[in-house]
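Taken from TrEMBL, the feature domain 'THH1/TOM1/TOM3' covers 11-281. According to TrEMBL, the feature transmembrane segment maps to 28-51, 63-82, 102-121, 133-155, 167-189, 210-231, 247-265.
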């Protein structure tokens with residue numbers, strides 16, 4: 001009898017938390033503060049890098065930190081205004097406000113994959129001419145498809161279009177995870193073959209290994225959660241009454257990975273002799 005009572009109480013407690021405006025506001029404001037903290041750290045690191053090597057212009061490293069600052073800053077603002085966002089009409093703009101920072105997050109970390117791919121190709125004496133055009137093309141296609149899906153959802157807001165949009169988001173996350181696995185794995189294996197006495201080999205090996213694992217895991221979790229989000233209403237992330245689910249989802253797929261990557265990549269570039277940092281044209 002006691003066991004059945006406990007089972008019955010659990011869902012009531014969970015529903016009370018989910019439907020509590022206080023818990024909703026606390027969860028979303030906590031996310032806003034965490035995103036704001038990550039955004040601030042990215043900005044500080046960007047300023048430090050610019051002060052260290054101002055003569056190199058907008059390097060890949062600087063753009064990566066700038067985009068982290070923007071993405072996390074926008075997320076922070078959205079979660080501060082989360083209750084107001086839910087009231088925005090037409091409803092398609094709610095999807096744009098919630099999903100667009102996720103696309104920008106994809107671009108931010110795709111830039112890191114590009115950076116590693118360039119290092120790998122240069123180390124193997126292979127041409128890197130096609131990497132940047134491929135990066136821009138892939139991102140252009142992803143944004144174009146997502147905009148088309150948003151327009152279709154605006155024109156015909158049916159459940160099938162919502163599912164299709166979320167599954168596309170899951171596919172882009174899987175694509176990013178595989179990109180980290182491919183180029184992070186290749187760079188890691190290449191570094192392993194360097195002589196043991198190579199300067200900085202061990203540190204760079206750990207850096208690539210940790211960042212690859214963190215980013216691959218984060219994007220894979222996002223992919224799985226997007227699939228659940230598409231088909232299971234209990235896993236819906238676009239509503240106010242799933243505050244705990246939202247908190248742990250964004251914590252695991254964006255906040256923690258971003259914070260860890262910024263910490264691991266905190267080392268400033270040397271003032272002179274930089275060959276791997278190229279301006280973005």
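Cβ atoms are placed via backbone N, Cα and C, with glycine included.
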Item checked: Non-local residues, at least 6 beyond the ends, that sit with Cβ under 8 Å of the transmembrane segment (210-231) -> 102, 109, 112, 162-163, 166-167, 169-171, 173-174, 176-177, 180-181, 184-185, 188, 237-238, 249, 252-254, 256-257, 260-261, 264-265
Check: Mean pLDDT, the domain 'THH1/TOM1/TOM3' (11-281)?
Finding: 87
Check: So what's near the transmembrane segment (247-265) in sequence-distant terms, Cβ-Cβ under 8 Å and 6+ beyond its ends?
Finding: 27, 30-31, 34-35, 38, 41-42, 45, 61, 65, 68, 72, 75, 102, 105, 112, 207, 210-211, 214-215, 217-219, 221-222, 225, 237
